[in-house]
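Asker: Pasting a structure here, questions to come.
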């Protein structure tokens, strides 16, 4: 019998990785709350956001979480960062988490400032840490679905858990590199979305590639400072989970965070831009948490602060840009 993997969350990213695992020969059961989405997947055998990609026969769908996780040797999540707490609470009523649990979402919880892995540990208890894994890196879902080469990192606290997850996801075209700095991997994936919004704003004003490269470089500097204060390894941020993911998200026309920033530059409000994108914009969610944490720890993060103020304090976007451009320049160091 084929080894079973449960996949929680069937947005385009969840569908993408669930399809990858199905093609590797696993029996994958994808769970989603939305009964209409599940019915569409079951009857049309296409995902609405990837209608040109047929569903692999090893991949099935359900709205019943018990059915999804029963007998699974691994559980993978791809819900929004705002959704991981309620989904984890629901999962806790079903299992005590005795198999690898892989987080593939990117964000920081608002108001608590917790990483997604920390939310899971809070709900399941400290013993859950040994089963936690985190997959992150430059991975646009549509490119992965098409079979384009891609490199990501997987991190876990426990060596056996890391080995199992690494084996499950690795393919000749989906290159998976182990990394022991789980917190750094998580922060790199979360914070780069804020910088991507700034790059989208730059695109919206047609500031050009020079300006965008400056934002990416200074944005990486902000991310590194933040992660260092949070006891992460700085070198993690120069790898796939940091610089790699940052470049892809900031320069890809498929990035929803960059497209969101472009809409903000065009005069859309926060809610209008989110509605126009039609999918979760994690950078908008994370900007609030990152700003609050940076303020508490007195971390100077001018790009993050500017995005927060534009989105949540109604700062005029041109004033925000002017404030960034008028800052004193200091000796560059990374």
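Glycine is treated like the rest: Cβ placed from N, Cα and C.
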Asker: Need a hand: Swiss-Prot gives 13, 33, 141, 256, 280, 282 for NADPH, which of 106, 183, 318 is also on that list?
Answerer: 106
Asker: Of 96, 245, which does Swiss-Prot put in the sn-glycerol 3-phosphate site with 106, 137, 139, 192, 255, 256, 257?
Answerer: 245
Asker: Restricting to the chain of residue 13 (NADPH binding site) and a gap of 6 or more, list residues whose Cβ falls under 8 Å of its Cβ, or answer none.
Answerer: 78, 104, 141
Asker: Taking the residues 106, 137, 139, 192, 245, 255, 256, 257, which the record names as binding sn-glycerol 3-phosphate, find the longest CA to CA distance and state it in Å to the nearest whole number.
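Answerer: Maximum Cα-Cα distance: 16 Å.
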Asker: Spatial neighbours of residue 280 (NADPH binding site) among the recorded positions 137, 139, 192, 245, defined as Cα within 10 A: which are they?
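Answerer: Cα filter at 10 Å returns nothing.
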Asker: Based on Cα distances to residue 257 (sn-glycerol 3-phosphate binding site), point out the closest of the recorded positions 33, 106, 192, 282.
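Answerer: That would be 282, the closest of 33, 106, 192, 282 to residue 257 (sn-glycerol 3-phosphate binding site).
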